[in-house]
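Marked as L-serine binding site by Swiss-Prot on the basis of sequence analysis: T230, S231, E232, E284, T393. What Swiss-Prot records for R261, R262, E263, V277, E348, L349, T350, S351 is ATP binding site, and it gives sequence analysis as the kind of evidence.
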Amino acid sequence: MIDINELRADPDTYRASQTARGADAGLVDRILEADSRRRSAITDFESLRAEQNAFGKKVARAQGEEKQQLLAQVKQLAADVKAAQAAADEAQATQQQLVTQFPNLIVEGIPAGGEDDFVQLRTEGTPRDFAAEGFEPRDHLELGELLDGIDMERGAKVSGSRFYFLKRDVARLETALLMAAQDLALDNGFIPMTTPNLVRPGIMNGTGFDVEHDDEIYRVGKDDLYLVGTSEVALAGYHSDEILDLSGGPLRYAGWSSCYRREAGSAGKDTRGIIRVHQFNKLEMFVYCHPEDAAAEHERLLAWEEQMLQACGLAYRVIDTAAGDLGTSAARKFDCEAWIPTQGKYRELTSTSNCTTYQARRLNIRERLPETTDAHGKVKKGGTRAVATLNGTLATTRWLVALLETHQQADGSVTVPELLRPYLRGQEVLRPVA
């Protein structure tokens, strides 16, 4: 949630943010109008309450006919106070509804526009030249079927389209990938977590997902719970309504979970294989930190993602996502896209988002500010403020697409990156099953 005080002080910056996103800049003015009505309604209520309190003292001193007249006025005043309270509550609810709709304020300098308006920051690694090696690369599904490791047909039979079974070495490769990612996170101070796959609507909304209008979210109607599309949701909710101690540095969590997405708007896209599916596994980094440290922490998350990609021997590029392609909560997002040989293009494997204080405000997650001492030596207890939250993908099932295609050999076997071999009992090659 945005800071209404900041919007009130600098509405033009918020209008510019909305314009860059391709969103409704007029929402700024509707919020300001609602805010003005709210403050006016509160002033009216407080004025009437003060008058009511003053009347109470007059009634106590009055006698006879005067007292009866005052009591009649008190009765009317009580009704006026009640009506003013209702008007103030309604104005507050209207303002809150509008503020809740407003996406995060983008970081200054990120590209404006939509999905195709990103800025490429750099490329790393060189895509393999299969023509020079003398063979045509197979796609990940063909390789997976040769390894008897991906079964889309039975996935569809059991659960429908965009579901699958992973088997044998491919299933082990996925687990190895996630375990290697978890170890990298552990080495960098993350606390490992397994998280709930179902969350309450308040947590889903608090993270920035609109449960009423988001067609990507699976809902369990009887229990009013939602399947998460990322462990970010559960990890953001983990400290909801809490005051955190960040004096020792950022709180970093690495969440391992299954993820669920309806892919409602993806008809006809990536229908072959496991690039775009309804269920997958992911190792997600999630951080709580001081707001002033968020930009530097964002760069660290990106560096860890790149470290993982490089250790897996994948060629990739880093892009600065355009404002119109950001999620509601993100102020800035970097994507790492790996080269997919059979598609001849880069595809997203990781993303990392700086959500500034947006999620923390919605979920009431704060930190205690340090004590201060005034000129007279009097110690004043520190107040509280919203923390910053960030997230980033360290590994996910989709990585198998890039791993299988990048490291394939002419006979259909796949060389295992050195990073993953210890998690596969030293196995160096995945071989086709006869």
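Glycine is no exception: its Cβ is also placed from the backbone N, Cα and C atoms.
Comparing Cα positions, E263 (ATP binding site) lies closest to T230 out of the binding-site residues T230, S231, E232, E284, T393.
The binding-site residues recorded for this entry are T230, S231, E232, E284, T393, and the Cα of T230 lies nearest to that of V277 (ATP binding site). Annotation note: E232 (L-serine binding site) sits in a helical segment as assigned by DSSP. Cβ packing within 10 Å was compared across the binding-site residues E232, E263, and the lowest neighbour count falls to E263. Separation of the C-alpha atoms of R261 (ATP binding site) and T230 (L-serine binding site): 9 Å, rounded to the nearest whole number. Neighbours of T350 (ATP binding site), defined as other CB atoms within 10 A of its CB across all chains, total 28. Proximity note: of the listed binding-site residues (T230, S231, E232, T393), T393 have a CA within 10 Å of the CA of S351 (ATP binding site), given in sequence order. The Cβ of T230 (L-serine binding site) lies under 8 Å from the Cβ of S257, C259, K282, E284, N391, each of which sits 6+ residues away along the same chain.
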